[in-house]
Amino acid sequence: MSKGAVLIISGPSGCGKSTLTKSLIESIPNVYFSISTTTRPMREGETDGVHYHFVSKEHFLQDIHNNVFLEWAEVHTNFYGTSLKPVQQALEQDKIVLFDVDVQGHHSIKEYFGDFAKSVFITTKNKDILRERLISRQTDDLQTIEFRLIQAHNEMQHIHNFDYLIINDDITTAKEAMVAIARSLKYQQIERLSKIIQKW
């Protein structure tokens, strides 16, 4: 895997992943955002093929059978997956492939790419702030929000498996940190090449 780079973003619902992802794509033109496939209902303001590829459960299960996905998982009773072929094509074009996945997806992608993939865990300063953000989104009922907070607590136990941590308490600072991490990936590539030359 000599071309491109892989950056994985994970974090609890409501931490600001979508905002930071959009900002990164706007700041670095060579970023390819891997659009996940999902069986969950489309939310207001979302577009098929832009935010997600929305499919039926039957379609998703058939894709699993056909080994379409690099990784897939069932989250909050819905299925999410990452198609492998477009990722491979983007890497061949020397792009930075950006993933926005849950902790389980992070582990699967890391297992596939190894040290070639770098990862960022994004979270809020504390659980109360996360709860406020989830409520302000007005996309979930209170029961779902409490369930998401439990999931967030579980996800926080995996922080040590990530290369970077961003506490998103100031959106401007968080955006700058994301861009700096993404730009550093090319330097890490040079470091890998240097090691190869030394061995040669």
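Glycine too: its Cβ is placed from the backbone N, Cα and C atoms.
Listed features, source Swiss-Prot:
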DOMAIN    4-183  domain 'Guanylate kinase-like'
BINDING   Gly11, Pro12, Ser13, Gly14, Cys15, Gly16, Lys17, Ser18  ATP binding site
CB contacts for Cys15 (ATP binding site) [other CB atoms within 10 A, all chains]: 25
Fewest other Cβ within 10 angstroms of its own Cβ, chosen from the binding-site residues Ser13, Ser18: Ser18
The one of Gly11, Gly14, Gly16 whose CB sees the fewest other CB atoms within 10 Å, among these binding-site residues: Gly16
